[in-house]
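S.K.: Pasting a structure here, questions to come.
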Amino acid sequence: MRDATGPDAPVLAIRGATKRFAGRLILDGLDLALGAGEVYALLGPNGAGKTTTINLILGFLRADAGEVRVGGLDPATAPVAARAQAAYIPEQVALYPGLSGLENLRYLATLAALRLSRSEAGRLLDEAGLAGEAHGRPAAGYSKGMRQKVGIAVALARRARLLLLDEPTSGLDPGASADFARTVRAAASRGTAVLMATHDLYRLREMADRVGVLRAGRIAEEIDPRGLDAAALERLALARPAEEAP
Amino acid sequence: MRRVAAELGLILRDARLRWTGGVLALLLIVAGLGTWREAVRYAAEVERIGLAERARWLGQDEKNPHSADHFGLWVFRPSAPLAVLDPGTEPYTGRMVRVEAHVFNDAVYRAVQDAGPLARAGLGSPADIVQLVVPLAAILLGFAAFAADRERGTLRLALGNGAAPGPLFAGRFAALLCATVLVVGLPLLALGGLAAARFGLPGWQAWPRLLAWVAAQIGYAAVFLLLAMLLSLTARTARGALAAALAVWVLLCVAAPRLAALGVETLVPARSYAETRARIEAGFRAHRTAEASDARAREVLARYGVEDPDALPVDLRGLMMTENEQHNFAVYDREFGAFFAGLAARERAYGWAGLATPRLALQALSQILAGTDFAQHAHFVWTAEAYRRGISERMNAEIRDNPQRGGRLLVAGPALWREVPPFDPAPLPLARSLRDARVPALMLALWIGLLAGAAATLVRRLRP
């Protein structure tokens, strides 16, 4: 674990984070550190605590014990400042159905105190892989993949130090998934730290620098995915399934 | 500002909210048209009958001044210009008084006697609509502010991507308030502006009253917007937020005002009108006996050191009438003074009852600022009484100062009648209204402050 306060402080530092729901232990002393430009994948079955970890980082939940720091800030006590350093794509991207993808992006950017021109917003949607003809259509008619792409554009617009991705390729077609992997690597090359919770073992190998296997509420193993094939990763992920978390 | 504009854009695209706003604006306009028609009719009547009464007074035959005092005339209370927005107590308190010798008459002609079904349902004026329907509209505007986002999942996306809860809440509140100003404030301002231009007399200071009145209505709407948004902050679903907000509306707009009114009547007892009249009669009775009258006559003769009334430098009957009236005036002042003071105390207590429900705070504030509150009515009643006393005193002085000997009767004519000026009552000044408005305004401000404080606390804990 790196020093959380020095000049090389990690973008994300989690130390001994514990979280229970209704008496059930979901995270049990989780340790995790992530530096600028790193892509870290959290691997584990449903209920392993991947989304709970992201919720702690965003300050949506408060750890029962341990500490979480985003850029040195505690999201439990300074959630707004901590979240200002992060961008987030949830597993199910929900949009305002009456607005088009372009309008959703510009509106969500405005809420984050960003100013996006129409052309900038269009470029971000292109970058996220949303077809140009869909930019102006109401989001009510979007598929899950199209909504996901708008979510990606929202996150890209933030140019945040930390990118949190919860099952980011879920719902994307193979082409879009490959585009997304390239987008993530491009963000990392610009110095963005990326933490993603995923089941997508194939894309994980393309995107991640490190993989943490979440088991029994802590990182059971941390590995370099490039040396493993998908079958080996799958064996690791499913070795000891955790209990379901809320 | 960009955030507010973006939120406002979202609101204006929402068909549900457009319909709500449209229906509300329509209701206000319909109610306003009704009160406007009544105001035009009444203003024309006041002018026509007032002129006719003046002509009748000036055109009366030559007669004894005391007979002229009994001849009397009717005086009218001009309607407040902003009665178009909030008729307040005007329809219930009587708007014309018969001015005649000896009698402090009641104000009669209550407009509510001719009221239509809308007015009987309590929705006859724009103020009624604001007090009862605008809270519902505010709830419909605000209940989904966060709960719908939470339910849909957009709140998670927004908060996770840098939307700060405080500015998010403030932006949405400001946008909803702007929408409220558009559909409530502007129609009221337009209607009030027309009324101020058409009926406004200098004494009313109608324009500053109008601006303060509209601000109070918007403040009241803000209370319910804040309430709905607060519930939306905490509710899991939009439906849950709506159900809770409607329950609060029933409590604050329907149940609490009735309970508070009962409480005020219990805690601040006021003397009844019947008892007041009985006390006045009792006050007169002892003074009116033949023995008492003889004693006063003897006292007058003794005061002037004569035994024969014809030896007096003044007319005995005129002098005694003047003195009798002074006694009557004192009785009226004492008894009606206590009666009106009791009612005024109750009115003030209603202002404090605004602590229990913002509806009572607004009701009091609205009437005071519109110039249709009970204080204005009491002021009119006493102004009419002062006018009556002025006529009686002038007529009695004419008799007193022109002693008639040998049973001859004094006869006066148009020259004396013209000495009585036309009745031209001035309203209570704006400064007095603003003084009376302090308590209900404070109560409304307290509601806004408390809810804003609660919002500031809850919004920090906003979670998707």
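In case you wondered, yes, glycine gets a Cβ from its N, Cα and C as well.
These came from TrEMBL, pasted as-is:
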- B:17-36: transmembrane segment (TRANSMEM)
- B:129-148: transmembrane segment (TRANSMEM)
- B:169-190: transmembrane segment (TRANSMEM)
- B:210-233: transmembrane segment (TRANSMEM)
- B:240-260: transmembrane segment (TRANSMEM)
- B:439-459: transmembrane segment (TRANSMEM)
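Help me picture where these features are in the structure shown.
M.R.: Under 8 Å from some Cβ of the transmembrane segment (B:17-36) lie the Cβ atoms of residues 11, 83-85, 87, 116, 118-119, 123-126, 128-130, 133-134, 137, 140-141, 179, 182-184, 187-188, 191, 194-195, all in the same chain and six or more residues away from its ends.
If one looks beyond the transmembrane segment (B:129-148) by at least 6 residues along the same chain, the residues whose Cβ comes under 8 Å of a Cβ in the stretch are 11, 16-17, 20-21, 24, 27-28, 31, 122-123, 155, 169, 172-173, 176, 179-180, 183-184, 188, 217, 220-229, 231-233, 235-238, 240-242, 245-246, 249, 252-253, 359, 362-363, 366, 462.
Here the transmembrane segment (B:169-190) has Cβ contacts under 8 Å with residues 3-8, 10-12, 17, 21-22, 24-25, 28-29, 32, 85, 126, 130, 134, 137-138, 141-142, 145-146, 210, 213-214, 217-218, 221-222, 225-226, 229, 233, 455, 459, 462 of the same chain, all six or more residues outside its ends.
If one looks beyond the transmembrane segment (B:210-233) by at least 6 residues along the same chain, the residues whose Cβ comes under 8 Å of a Cβ in the stretch are 82, 85-86, 127, 130-131, 134-135, 137-139, 141-148, 169, 172-173, 176-177, 180-181, 184-185, 188-189, 192-193, 195-196, 241, 244-245, 248-249, 358-359, 361-362, 365-366, 369-370, 434, 437, 441, 444-445, 447-448, 451-452, 454-455, 458-459, 462.
Note on the transmembrane segment (B:439-459): residues 165-166, 168-169, 173, 216, 219-220, 222-223, 226-227, 229-230, 233-234, 348, 351-352, 354-355, 358, 360-365, 368 of its chain, located 6 or more positions outside it, place their CB under 8 angstroms from a CB of the stretch.
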